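A short write-up of the structure that comes next.
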Amino acid sequence: MNWTRGKTLGRGSTATVSAATCHESGETLAVKSAEFHRSEFLQREAKILSSLNSPYVIGYRGCEITREPFHNNGEATTYSLLMEYAPYGTLTDVATKNGGFIDEARVVKYTRQILLGLEYIHNSKGIAHCDIKGSNVLVGENGEAKIADFGCAKWVEPEITEPVRGTPAFMAPEAARGERQGKESDIWAVGCTVIEMVTGSQPWIGADFTDPVSVLYRVGYLGELPELPCSLTEQAKDFLGKCLKKEATERWTASQLLNHPFLVNKEPELVTGLVTNSPTSVTDQMFWRSVEEEVSEDRSSWWECHEDERIGVLSWIGHVVVESTWDLDGEDWITVRRN
């Protein structure tokens, strides 16, 4: 594919995101690029995304290795992932442009479409996304929700020891403990994302939840649950109850949730006329600020650690300071390793 890179829209610690135009079709693309020697996770994301084909997953358009200027480092060998352009930004953007939250009718629509995307990657591809949240779900040209940012995703079969990755506020109890992370963890994150859409806020709020350590400990070891918004209908609360089961094996699957009364026969017409600033898409700076480097720990002693030490690892212990306030769209996902 021949394409021309446009304006730089955002930078993370390893990647730069630009708009681009395909010469042959004139299609606007989103291009995520990293220096080749630092592109391991971008290549992993490209490998996973290239295997997917669903209207509820952001579209893969290709990948390339080129020699070009990169940041202020002069000319460098660059790895680029080309993706579909989504004109209405993220669900977080949609909430912001609509007064800070999304009405329940559209929450139903978006939730159903997220689950259709998860049903596809879970059942047909054996993939867990591992970082479902509002800022990782885009709104496409026809108003449909599309799962994006597969940087934390992994294959769940066969079960291979993998780092636990994701955003602390959306982590399931088993992931918060650093034990495992699979399809069930995505379902927990769907519940948290519904709360985020309805309230316009992270699923954990209040003076007791001002840092990731507190939330990880209380979710992983004290068994606490996010508070359900009182404005929700009983059906919505029941739906969230099926997502936010403490035991992973008790959570409903994506397929089961698609048949829950909260979602059945309630999808409204596709949203049109959304207010947007150009360019607003998968290339938005808000979306791409979450591009980070993996933080790794030696796996050999993980299970020998006391639970307090394991929470320390989960809170970026060692060389990253945990801020006192949350930034859901910033540098707030973590990596831990286990045997």
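Every residue gets a Cβ built from N, Cα and C, even glycine.
For reference, Swiss-Prot has these:
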type	residues	note
DOMAIN	3-263	domain 'Protein kinase'
BINDING	LEU9, GLY10, ARG11, GLY12, SER13, THR14, ALA15, THR16, VAL17, LYS32	ATP binding site
ACT_SITE	ASP131	active site, proton acceptor
MOD_RES	SER301	phosphoserine
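Confidence across the domain 'Protein kinase' (3-263), taken as the mean pLDDT and rounded to a whole number, stands at 90. The DSSP secondary structure for VAL17 (ATP binding site) is strand. Close to ASP131 (active site, proton acceptor), meaning Cα to Cα within 10 A, are none of the binding-site residues out of ARG11, SER13, ALA15, VAL17.
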